[in-house]
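Enquirer: The Mn(2+) binding site annotation in TrEMBL covers A:C96, A:H98, A:E130, A:H156, A:H346. According to TrEMBL, the feature domain 'Peptidase M20 dimerisation' maps to A:178-267.
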There are 2 protein chains.
Amino acid sequence: MIIPPYELRHKIHENPELSLEEYQTTELLEKTIKEAATFYNVDINVYKPLKTGLIVEYNGGSGEEYLLFRADIDALNIKEKTKVDFKSKNEYMHACGHDVHTAILYGFFLNVIKNKVNKNIVFLFQPAEESKGGAQRVIESGILDKYNIKAAFALHVNDEFPVGTIASTRGTLFASALEFFVDFEGVSSHLAFPHQSKNALNALRIFLDVLDKLPKNPMEPFVIGVGKVNAGSAINILPGNSHVEGSIRGVNSENNLKYFEDMRNVLSGIKIMTGVDYLLGKGSFYPEVTNDSLLYDKFIPKLSKTFTFIDCGLKMTGEDFGFISKKYPSLMCWLGSSKGEHHGLHNPEFLPPDEVIDVGIQVFETFLD
Amino acid sequence: MIIPPYELRHKIHENPELSLEEYQTTELLEKTIKEAATFYNVDINVYKPLKTGLIVEYNGGSGEEYLLFRADIDALNIKEKTKVDFKSKNEYMHACGHDVHTAILYGFFLNVIKNKVNKNIVFLFQPAEESKGGAQRVIESGILDKYNIKAAFALHVNDEFPVGTIASTRGTLFASALEFFVDFEGVSSHLAFPHQSKNALNALRIFLDVLDKLPKNPMEPFVIGVGKVNAGSAINILPGNSHVEGSIRGVNSENNLKYFEDMRNVLSGIKIMTGVDYLLGKGSFYPEVTNDSLLYDKFIPKLSKTFTFIDCGLKMTGEDFGFISKKYPSLMCWLGSSKGEHHGLHNPEFLPPDEVIDVGIQVFETFLD
């Protein structure tokens with residue numbers, strides 16, 4: 001018996017798993033996909049280059065070229081606040097719609113094998129999109145290198161747009177994001193003797209001030225944001241240690257890396273000025289998601305015939321599909337999921353309706369042309 | 001049997017107790033003092049206006065006037081690193097020499113009752129100097145109001161000066177210190193959408209910048225110091241909340257309070273600019289310790305005959321003897337305790353030699369003239 005896509009979505013939604021912990025999700029997918037292939041009497045190859053996630057290889061075409069379709073499968077550390085009957089049974093939540101993405105890719109796979117589509121396709125059920133760089137890990141595993149991938153596609157639900165609306169943009173759709181950490185190490189002193197300190201809070205303040213003042217190209221969307229700051233441990237002791245973390249976001253990952261190197265210069269200068277030493281660390285890095293112009297010009301007009309299309313421009317958020325779009329000509333679209341509500345991604349009430357799955361499958365099928 | 005001052009010091013040093021927890025220290029003092037009074041057949045009154053600490057009233061004089069001598073009795077949350085045989089047996093330490101102060105006041109008391117000194121004296125064994133405002137609590141208990149206190153005296157050991165050296169200054173000896181806390185409450189946002197935030201870290205940064213720029217009298221020692229800063233909880237979320245704490249120190253408590261009110265104006269301005277709300281809190285407050293000119297001019301020349309005297313000027317640290325010096329003509333001196341070493345107060349190796357107790361007793365006796 002074949003599980004329908006809606007039912008698969010409900011099962012996954014009920015049992016959300018965090019990045020690189022998607023064991024049960026992977027097991028469910030593998031079992032369901034293999035049963036469907038057996039049912040339709042289609043040969044597929046299933047690979048698991050990482051401990052979670054899987055790659056399904058379908059060889060329906062005559063040539064050497066492959067299309068890659070990707071869904072992310074991980075959930076978030078958010079406690080669900082919806083009242084749906086397939087609500088999460090644990091402390092985590094599919095609050096970013098990856099349950100829907102997974103069901104779309106699964107439903108699309110079912111149609112492909114049922115209709116014996118005349119193409120070679122790699123279905124990538126990717127783990128760890130939210131953190132831990134799943135796409136990068138899949139690429140680094142080398143598994144994709146055996147395919148001559150001509151184009152890669154991905155979708156993301158979004159309740160900023162109504163159901164039936166597709167949004168994307170020419171060029172960069174998601175920003176490149178580069179996390180940074182700085183630990184300052186100075187010398188603490190009693191607050192009464194500031195001249196005996198090498199004040200790590202002051203070094204941190206200078207650092208943030210200089211970051212604000214680094215020259216930036218006004219034509220290029222760019223933001224340096226600070227998420228966390230800590231300094232000192234007692235009210236009457238000037239901090240000998242401080243910590244700051246944040247991320248650099250822009251349309252161009254090379255520029256982000258350049259800014260990261262500029263930070264090193266800023267910190268060297270601060271060390272000379274203040275005597276406060278530093279440790280600059282790099283956290284996770286997502287390249288920008290860039291839509292290939294040829295794919296965009298080929299498919300967006302087609303999509304526009306069936307769906308409402310919105311050119312939504314760039315988002316400053318990140319997506320690890322960027323690793324794939326850096327390597328292969330790619331096209332990614334937002335899939336409208338609102339029936340009137342607008343909670344936003346990562347919100348404990350975010351819940352796309354099941355019917356978005358059908359829209360997603362239809363969009364993926366358009367990309368087969 | 002009367003316990004000698006050195007032995008009392010060792011017992012107290014072995015069993016240090018934190019501010020307002022000096023139960024065993026108080027019990028030991030009360031027992032020892034009462035036994036000594038019985039031994040010398042002298043009437044004294046012992047009062048305990050707070051749960052810890054005690055006041056010993058000795059009426060040897062004919063008039064109504066009293067002299068007050070004060071020792072602080074509490075220890076610090078510091079793990080002792082000395083190798084002395086009366087080393088602390090718990091996790092705390094007399095790292096600020098209050099064990100020595102207590103032994104000095106006790107030894108002085110013994111001499112007073114042995115010699116039937118012809119003065120009325122209040123011996124104040126004060127709890128909670130390090131924190132929790134012990135001196136203020138004693139004053140607020142009203143116990144001192146029944147005495148016509150003509151002068152108050154206190155000593156503090158210090159290994160910045162050698163044994164046999166006394167240091168003090170005309171005017172202000174310790175700064176006034178006023179602790180402040182600010183909680184900023186704004187609105188967090190994803191780092192990609194800073195325009196949707198009311199950034200509590202930025203409000204905090206503006207606050208610190210403006211504090212640095214408030215006009216200050218260059219002739220008056222003054223410092224605003226920040227001991228702790230916290231902001232945000234996730235690397236990719238702009239902080240909706242932040243916290244800063246520190247203290248204002250200067251020679252004049254009225255000016256400190258004025259600066260505290262200036263902070264309120266700064267914060268109001270920041271709220272208008274940024275939309276970030278704030279809660280400004282006042283922590284512990286120590287008035288400055290000011291030496292009375294008449295007492296200084298009377299006793300310092302006398303001390304200078306027996307000891308090396310150094311005019312050490314003002315320290316920016318605080319001392320809650322300030323509450324007493326605000327109320328009564330007072331004189332406080334540093335008591336040199338170094339035999340060559342210099343660890344500094346609140347250092348886990350700070351350990352004045354026993355002989356400083358004899359010097360302290362001699363200094364207190366000088367103040368009887």
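Counting starts with 1 at the first residue shown.
Positions of Cβ are set from backbone N, Cα and C atoms, glycine also.
Mind running through what each feature is packed against?
Expert: In the three-state DSSP scheme, A:H98 (Mn(2+) binding site) falls into the helix class.
Summarised as a single figure, the pLDDT of the domain 'Peptidase M20 dimerisation' (A:178-267) averages 95.
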Enquirer: I want the residues beyond A:C96, A:H98, A:E130, A:H156, A:H346 whose C-beta is within 8 angstroms of the mean position of the Mn(2+) site's C-beta atoms, in chain order.
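Expert: In sequence order, the nearby non-listed residues are A:D72, A:D74, A:L76, A:H94, A:A95, A:G97, A:E129, A:L345.
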Enquirer: Quick one: DSSP breakdown of the domain 'Peptidase M20 dimerisation' (A:178-267) into helix, strand and coil?
Expert: 32 helix, 34 strand, 24 coil
Enquirer: Going along the chain, which residues six or more apart from A:C96 (Mn(2+) binding site) have their CB under 8 A from its CB?
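Expert: In sequence order, A:A75, A:L76, A:E130, A:L345, A:H346, A:F350 meet the Cβ cut-off.
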Enquirer: Long-range neighbours only, meaning 6 or more apart in sequence with Cβ under 8 Å: which ones does A:H98 (Mn(2+) binding site) have?
Expert: A:A71, A:D72, A:I73, A:D74, A:A75, A:E129
Enquirer: In the structure shown, which of the binding-site residues A:H156, A:H346 has the fewest other Cβ atoms within 10 Å?
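Expert: Lowest Cβ count within 10 Å among the binding-site residues (A:H156, A:H346) is A:H346.
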Enquirer: Just to be sure I understand the packing, how many Cβ atoms besides its own are within 10 Å of the Cβ of A:E130 (Mn(2+) binding site)?
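Expert: Taking all protein chains shown, A:E130 (Mn(2+) binding site) has 19 Cβ neighbours within 10 Å.
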